[in-house]
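Enquirer: Pasting a structure below so you can have a look.
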Amino acid sequence: LSVGLAIGVASALTGYLSHPRFYCRYVECCPANGHRLNATALKAQLDTKLFGQHLAKDVVLKAVMGFQNNPSPKKPLTLSLHGWAGTGKNFLSQILAEHIHSAGLRSKFVHLFLATLHFPHHNQLQLYQEQLQNWIRGNVSACPQSVFIFDEMDKMHLGLIDAIKPFLDYYEEVDGVSYRKAIFIFLSNAGGDLINKAVFDFWTRGKQREEIQLKDLEPMLSVGVFNNKNSGLWHSSLIDKNLIDYFVPFLPLEYKHVKMCVRAEMIARGYAVDEEVVKAVADEMTFFPKEEKIFSDKGCKTVQAKLDIHEDT
């Protein structure tokens, strides 16, 4: 009787410990079908942490939520984020990754590729293409909701990114694997000059930046990136076959946005916000055009470093 009872207890305990709800509390699991993002929480975080990017926030939020709520998407969601350094492309990608997989960039289901680190040698282009295909195939097989982020697209070897074209296309399966629930995000400085010029034109006409709509920038941006040899998407089949769902412009940041970044960084460090320090840090940034000095030429990229020298204050 005792042996039988022990076996029964052990079996019950094993079953409980191996139950997905218990197991996934301690070991990261791929989200189950039907898992949905918390749109309210995602929007709140974007509103409080990403400054001066009304277009990017609106487009990405709607695109991701629409994709997540679609029970049978026809292709993976593919976003291409463009703008100068320091405008928030990496930051938005990080926030989005954290809401899809709670571990964010540390998740085994989120994959970050840096062009200069992972694909440094032009003469190994074919090898990189094969490795990239195998990596994506293996990881989507393990978790259909995998996220792939390609940073430094403007430094990517020409033709490399076309290796993943079959995975982004309207196929139900490729070699027995469905990629329709994955998300691909490209980050690039390419097109930043075009975006900046368009935003400056709005400013000179006396219009508010919040009046800028996606239709004002996206067509120009997609053509400009397609014809830019330094974009990583030069004459790419991904653009030619309309496989990139959205070209998302990140606008140049103004003085007021830089001050918002300084305040946010002070709060993140546990400091009380001192407006004199906020102004001092913002005043150390450089702005363009040369005469008007409207937009920060580094966005908020150097805010942390510049705040360091004011720590005593």
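Placed from the backbone N, Cα and C atoms, the Cβ positions cover glycine too.
The ATP binding site annotation in TrEMBL covers GLY83, TRP84, ALA85, GLY86, THR87, GLY88, LYS89, ASN90. What TrEMBL lists as domain 'Torsin-1A C-terminal' is 253-308.
Describe the structural surroundings of these features, if you would.
Expert: Sequence-distant neighbours of LYS89 (ATP binding site): residues of the same chain at least 6 apart with a C-beta under 8 Å from its C-beta are LEU81, HIS82, GLY83, LEU187, SER188, PHE250.
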Enquirer: Taking DSSP states H, G and I as helix and E and B as strand, how many residues of the domain 'Torsin-1A C-terminal' (253-308) are helix, strand and coil?
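Expert: With helix first, then strand, then coil, the domain 'Torsin-1A C-terminal' (253-308) has 29 helix, 5 strand, 22 coil.
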Enquirer: Determine the mean pLDDT over the domain 'Torsin-1A C-terminal' (253-308), rounding to the nearest whole number.
Expert: 95
Enquirer: Could you tally the C-beta atoms, other than its own, that fall within 10 angstroms of the C-beta of THR87 (ATP binding site)?
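Expert: That number is 32.
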